[in-house]
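Notes follow the structure.
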Amino acid sequence: MLVSLSWLKDLVQVDDSVDDLAERLSMAGFEVENIDDLSARSQGVVVGHVLTRDKHPNADKLSVCTVDIGAKESVQIVCGAANVRAGIHVPVATVGAVLPAVDLTIKAGELRGVASNGMICSLSELGLTAESSGIAILEDTTKEIPAVGTPVAALFGLDDAVLELAITANRPDGLSMVGIAREVAALTNAELSLPLLNHTPEQEPLQAELDGSYYAVACVEGVQGGQESPPWIQQRLNRAGINAVNAVVDITNLVMLEQGQPLHAFDAEALESLTGKPVDAASFAVRPAKDQETFIGLDDQSLCLDPRVQVVTCHDRAIAIAGVMGSRDSAVSDSTTKIWLESAMFSPIRVRQSSRAVGLRTDASSRFEKGLPPEVTLACSQRAIELLSDQFACRVNGRWVGGEGPRTPVPLQLRRDALHQLLGPIDTDSGPVDLADHTIEQCLTALGCELESTDEGWAVMTPPSRRQDLHREVDLIEEVARLVGFDKFGSHLPDPVSPGSLTSRQQAERRLRRLFCSTGLQEITTLSLVGSSDGDARIAISNPLLAETSHLRTNLWEEHLQICVRNLKASMAGCSIFEVGNTYSGTPESVVQSGIISGVICGDRRLERWSTSGKYQAPNYYEARGVLSRVMEALHLELSDRPLADDARLHPGRAATLVMEGRPLGCFGQLHPALADDLSLPESTYLFELDLERLLDATTRTNRWTPIYKSFPTVPASERDLAVVVDRNSNAADLIQAIRKAGKPLLEHVELIDRFEGDQLGDQKVSQAFRLRYRSQNETLTDDKIQPVHDKVRAALSKQFKAELRS
């Protein structure tokens with residue numbers, strides 16, 4: 001928000017310097033980001049009187065002028081403007097003056113052999129306009145010419161400063177000059193002199209579909225669209241960063257800046273020409289845009305709308321994007337004599353959706369998005385009509401309003417004890433003292449609140465402009481603290497202070513990350529947003545910034561493989577990575593978020609190769625699978641592998657479903673050779689995916705970590721190997737489970753140590769060898785005690801799997 005200090009002083013009688021005022025506003029929550037001192041544009045520029053004008057002897061387009069600047073002697077200035085002549089008053093930049101608008105310092109010198117001691121300025125050289133066709137002639141801009149030698153700052157309104165304020169979302173009143181003036185008055189106890197908002201005449205009901213909006217129109221005849229607005233209006237708009245257009249549009253913009261209520265003027269004749277029908281108040285409506293409905297805005301940009309956008313219509317023809325921008329075809333032009341003046345309160349949510357959908361953010365939309373008080377909607381329309389009446393001999397042919405208007409406000413209860421408890425005492429020379437009642441009342445009254453005393457405190461009726469922000473008791477307490485000064489209150493912390501802590505699931509997730517890192521894998525983070533895919537049911541987001549980030553990802557492994565490709569192309573020996581992240585499935589109306597741990601083991605993971613004579617040694621299936629085994633052993637979780645042949649990503653003979661506690665936890669396997677070849681990845685590339693939620697559930701069960709004492713064995717163990725021939729589709733995990741069950745209570749450990757396939761066994765047979773370790777806690781086992789248990793194991797395998805014993 002750009003705030004002109006001169007305009008602000010017209011609204012509130014404040015005498016503070018611009019620096020003091022900026023500090024007060026910043027301390028009160030309106031951060032001043034920049035101060036533009038306009039007087040710097042005209043320092044050293046004074047009123048001059050051209051006494052003579054002669055042709056330059058050495059240049060056809062230059063003139064030699066004698067100019068009186070109020071000094072003892074007149075000065076000679078060489079000027080190149082075609083409109084310079086004797087007898088006029090002009091702004092003259094004297095020697096030493098600096099003109100920031102054109103980055104020029106005036107020096108005495110010569111032009112084509114003739115001395116020149118100054119420069120006659122144009123409006124653009126003073127930073128007042130973007131372009132100028134000649135020098136500024138004061139007789140054309142003002143009726144009363146100041147004395148020669150007078151600084152021109154006041155003459156051109158440059159005795160001003162513009163403050164750039166950062167307005168937070170909870171203070172929409174700060175987007176108006178009246179709102180800032182009220183704030184300054186509350187901070188400085190200065191007197192307000194706001195423009196009077198007259199009560200509006202009777203409004204006729206507007207019988208139209210308004211899509212939840214509060215909508216008012218007025219028919220005004222007798223305007224002149226081609227007429228410029230007065231200089232004071234143009235100056236105020238210029239200070240606020242808005243270009244002047246014509247008197248009608250400028251007045252609507254002025255009311256928006258002054259009161260915070262955006263207005264819009266439609267050309268009545270243009271509407272009739274556009275729709276081909278007579279236009280009355282009932283012709284207007286508000287509705288969602290139709291799919292693929294076209295719209296050309298005031299910026300001449302053609303837009304294709306959809307139902308997310310709310311539009312204002314005339315005879316069902318879209319003439320404005322509600323709260324954002326009007327249409328080019330209904331805009332006020334030089335031939336406009338009759339307008340329909342719109343003043344409305346559109347839903348902040350709908351305006352925000354419309355603005356995002358079309359990619360437009362305007363001065364109007366920024367105000368509607370933050371919320372407007374409906375109490376001033378009609379009053380601002382009347383304010384604009386009064387300004388139009390001052391400019392033109394116009395008349396109003398009717399006013400109409402429809403939709404849900406202002407509601408009866410409910411006073412807020414402010415308890416004295418609650419305020420003192422939350423803020424505490426203020427620090428004074430005599431010690432800490434609670435705020436006095438009259439100080440509290442003075443602060444709230446300065447904000448425009450109406451107070452009524454109660455037994456516990458006050459019943460507070462907030463002003464309409466602050467009801468978007470002040471709707472709870474604590475909001476009123478904050479305002480009191482802000483106006484008194486936060487630095488005036490003593491610092492105190494709640495007692496006792498509760499330290500923060502991690503939940504058991506958060507601790508478990510952090511431990512998982514550490515364990516994977518300890519195995520040599522590097523943790524990465526990838527974007528949750530990806531591009532579209534024909535073969536993947538990805539969920540599209542509503543307003544993507546880029547086509548590459550337009551959908552929610554359904555997996556992590558695709559991006560992980562691309563990361564491996566990039567790293568190997570960068571001459572990395574290998575790439576072993578993992579990520580803890582979310583994937584998304586379902587429909588746009590019902591999105592399902594799933595947490596997983598996904599990773600890739602690719603290439604050489606070792607940093608040195610001295611043990612392999614400098615040669616690359618690819619990890620085999622069991623080495624890669626051992627990474628997961630080490631993590632699960634640290635978590636005291638047991639995984640078993642089940643054959644997996646229907647995953648298109650993985651090698652059909654080298655993939656497994658990982659089972660924990662009888663339920664699938666995820667998968668592990670070698671990348672399918674065809675996919676590895678397409679991506680130019682090594683054949684020994686392995687993928688894994690684990691269900692994060694199930695892992696966290698398993699590691700955070702309350703009965704899981706109960707300490708159980710188990711003494712170290714003091715007697716030796718006895719190991720025996722057992723090789724069996726079984727069907728090719730027999731799972732080693734099933735055999736191990738059967739061995740453990742049959743080997744109780746002496747069997748301490750069993751592991752697969754060999755797997756053999758050969759022609760001598762047959763196509764459908766395979767040999768699997770296991771190493772069994774027997775031990776007793778109390779005595780050294782002899783063969784007499786081991787052999788019966790070992791025979792029991794062999795018998796169980798023969799019976800359950802039709803196993804042929806090889807040893």
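Every residue, even glycine, has its Cβ placed from backbone N, Cα and C.
Features reported for this protein in Swiss-Prot:
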BINDING   Asp469, Asp475, Glu478, Glu479  Mg(2+) binding site
DOMAIN    39-153  domain 'tRNA-binding'
DOMAIN    407-491  domain 'B5'
DOMAIN    713-806  domain 'FDX-ACB'
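Considering other CB atoms within 10 Å as the measure, the emptiest surroundings among the binding-site residues Glu478, Glu479 are those of Glu478. Sequence-distant neighbours of Asp475 (Mg(2+) binding site) (same chain, 6+ apart, CB under 8 A from its CB) are Leu412, Asp469. Of all Cβ atoms in the protein chains displayed, 20 besides its own lie within 10 Å of the Cβ of Asp469 (Mg(2+) binding site). Under DSSP, residues within the domain 'FDX-ACB' (713-806) fall into helix, strand and coil as 30 helix, 32 strand, 32 coil. For the recorded Mg(2+) site, residues Asp469, Asp475, Glu478, Glu479 set the reference point as the centre of their Cβ atoms, and the other residues of that chain within 8 Å of it by Cβ are Arg466, Leu470, Arg472, Val474, Leu476, Ile477, Arg482. Per-residue pLDDT, averaged along the domain 'FDX-ACB' (713-806), amounts to 91 for this model. For the domain 'tRNA-binding' (39-153), the number of residues in each DSSP class (helix H, G, I; strand E, B; coil) is 8 helix, 40 strand, 67 coil.
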